[in-house]
Amino acid sequence: MTKAASGDTKSTLYCSFCGKSQHEVRKLIAGPTVFICDECVELCMDIIREEHKIAFVKSKDGVPTPREICEVLDDYVIGQNHAKKVLAVAVHNHYKRLNHASKNNDVELAKSNILLVGPTGTGKTLLAQTLARIIDVPFTMADATTLTEAGYVGEDVENIVLKLLQAADYNVERAQRGIVYIDEIDKISRKSDNPSITRDVSGEGVQQALLKIMEGTVASVPPQGGRKHPQQEFLQVDTTNILFICGGAFAGLERIISARGQGKSIGFGAKVADPEERRTGEILRGVEPDDLQRFGLIPEFIGRLPVIATLEDLDEAALVKILTEPKNAFVKQYQRLFEMENIGLTFTEDALHGVAKKAILRKTGARGLRSIMEGILLETMFELPNYEGVEEVVVNAEVVEGRAQPLLIYAEKKGGAASA
């Protein structure tokens, strides 16, 4: 370790971890041969608290309770309290069922796979990923749009099991307790209300192919992936205890639900509902299996997904929280990038609301926040390594609206009114 400071109290002291001087931090704590600043202490405490919370959930005998699962989900996903409760209960019951499967019971507990329904960018994928991290089981994601029936060009459904096996480092026992998330499940809906006359290998055909592995079967998986060959050796993976979570935006499903609710009323006395009166997420909460069938999912496939969790639209306040509060919040990520150049980054409150409003107008949910931030900071990040004497970059509402450039605050102007 290089010497951060000499024994002379008049010399400038530096944090041994981040390298900041005593003038750049609020407190500098001295040890026998090292110094640590208050910012590094705070960062260490955050890491310890996070590790302690995850360890607490994992170390308890049996399975984490739904409340414990929700508490950890709250650190990563903003809002969606109803969906969190549904998922927490379903996951808790699933792994409780596995832990008690060896005991002799007259009642056999069935597996409850989960369907996540919600507008794009509301956190469906993040919820599934975080659940797998909490339970500490192998996790894999698949895109339903790439799947086809066996024998056709495309990805075989059994390749999903192979991906899970790879995530478990080819430990079959661990893979058989894992979680599979299938995204864009609404894109494999049947193309018409009538049963297919011609073969629908990427829609109804994929639903049929998924039935067995979702319910429980012994899948023969080629270790190297790809198509099966008669001379090949296969790994046998039982999918009975693998939890399948399927997610999709189901664009247009709200119209099917609304039409069912309104019935067939016509005439002067009929109530004409304003489509803006109720938000999409609110309407989706009333989804029933018949609505999914009308959308294009076959009854057998719907039956394999008994637990349905619906996600709400994200309003402006929720999007602002997503920008700043989660562990991996976008603002924190960009602040870390700027810190690498020893420059601070500040977003004013009105700037954050401006970013949120843009995302709502684009109808991209939380997923669109990053592209908006990237556009705002592009020129600044291009010049960032060349800045000399700049101590802080401030983004306000005018910058978000494209009417101004970010404010640059220089070190020598820190004492007075900062301007650029």
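First residue shown is number 1, and so on along the chain.
Cβ coordinates come from backbone N, Cα and C, glycine included.
What Swiss-Prot annotates here:
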type: BINDING; residues: CYS15, CYS18, CYS37, CYS40; note: Zn(2+) binding site
type: BINDING; residues: PRO119, THR120, GLY121, THR122, GLY123, LYS124, THR125, LEU126; note: ATP binding site
type: DOMAIN; residues: 3-56; note: domain 'ClpX-type ZB'
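Of all the binding-site residues in the list CYS18, CYS37, CYS40, the shortest Cα-Cα distance to GLY121 (ATP binding site) is found for CYS40.
For THR125 (ATP binding site), the nearest of the binding-site residues by C-alpha distance turns out to be CYS40; the candidates were CYS15, CYS18, CYS37, CYS40. Long-range C-beta contacts of THR120 (ATP binding site), restricted to its own chain and to partners at least six residues apart, with a cutoff below 8 Å, comprise ALA249, LYS363, THR364, GLY365, ARG367. A separation of roughly 36 Å, to the nearest angstrom, links the Cα atoms of LYS124 (ATP binding site) and CYS18 (Zn(2+) binding site). You'll find the Cα of CYS40 (Zn(2+) binding site) roughly 31 Å from the Cα of GLY123 (ATP binding site). CYS18 (Zn(2+) binding site) is 31 Å away from LEU126 (ATP binding site) when you measure Cα to Cα. DSSP assigns LYS124 (ATP binding site) to a helical segment in the three-state reduction. Least crowded of the binding-site residues (CYS15, CYS18, CYS40, LEU126), judged by neighbouring Cβ atoms within 10 Å of its own Cβ: CYS18.
Of all the binding-site residues in the list CYS15, CYS18, CYS37, the shortest Cα-Cα distance to PRO119 (ATP binding site) is found for CYS18.
Sequence-distant contacts of GLY123 (ATP binding site), defined by Cβ-Cβ distance under 8 angstroms and a gap of at least six in the same chain, are VAL77, ILE78, GLY79, GLN80, ALA83, LEU311, ALA366. Around PRO119 (ATP binding site), taking its Cβ as the centre, 22 other Cβ atoms fall within 10 Å, counting all chains.
The Zn(2+) site, placed at the center of the C-beta atoms of CYS15, CYS18, CYS37, CYS40, has further neighbours from the same chain whose C-beta lies within 8 angstroms: SER16, PHE17, GLY19, LYS20, VAL25, LEU28, PHE35, ILE36, ASP38, GLU39, VAL41.
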